[in-house]
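What TrEMBL records for 5-142 is domain 'Casparian strip membrane protein'. The transmembrane segment feature in TrEMBL is assigned to 7-30, 50-71, 83-106, 132-160.
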Amino acid sequence: MAETKRIFTFLLRFIAFCTTLSAVIIMVSSRQRATVLVFSFEAKYSDTPAFKYFVIVNAIVSIYGFLVLFLPSKSLLWRLVVALDAVFTILLTSSISAALAIAYVGEKGNPIAGWLPICDQVTKYCNQVKGALIVGFISVVLYMLLFLYSLHTVLSPLLLEKS
């Protein structure tokens, strides 16, 4: 039973690592040049601070996820992993929220503020950003599950102790 839990946790962490890394790769590679009338512009992720934040957070969580894959199952560092899982879940949630807000403005615009939607001119760029955000959302869900599972694993022995 313990071996099955360990394999399940490893697979879940590996999939979470792959999704955060994929979100970074997809977002960083999103760029497109467009010409509107006589003006030419290039849309890329680095033009938007929220997208930069999304990439930085997902890159940090990817590195963390990779390192945790090699942590021995009997290590005392797993208690620290619970705290770090909570921190990184919160960071992933905030980064996806910020990036989704900017993506929505890019898709729909904001007529009150005078911001026009840009996704009609740079559809490839917007589709790549959507893909990165979908993968990023999957990462958030996986890290929430990992946090809840690691919290359960650490607290179960404490709650079941007889006084």
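Cβ atoms are placed via backbone N, Cα and C, with glycine included.
TrEMBL does not curate its annotations; it predicts them automatically.
Here the transmembrane segment (83-106) has Cβ contacts under 8 Å with residues 20, 48, 50-51, 53-54, 56-58, 60-61, 64, 115, 117-119, 126, 129-130, 132-133, 136-137, 139-140, 143-144, 146-147, 150-151 of the same chain, all six or more residues outside its ends. For the transmembrane segment (7-30), same-chain residues at least 6 beyond its ends with a Cβ under 8 Å from one of its own Cβ atoms are 44-45, 51, 54-55, 58-59, 61-62, 65-66, 68-69, 92, 125, 128-129, 131-133, 135-136, 138-139, 142-143, 145-146, 149-150.
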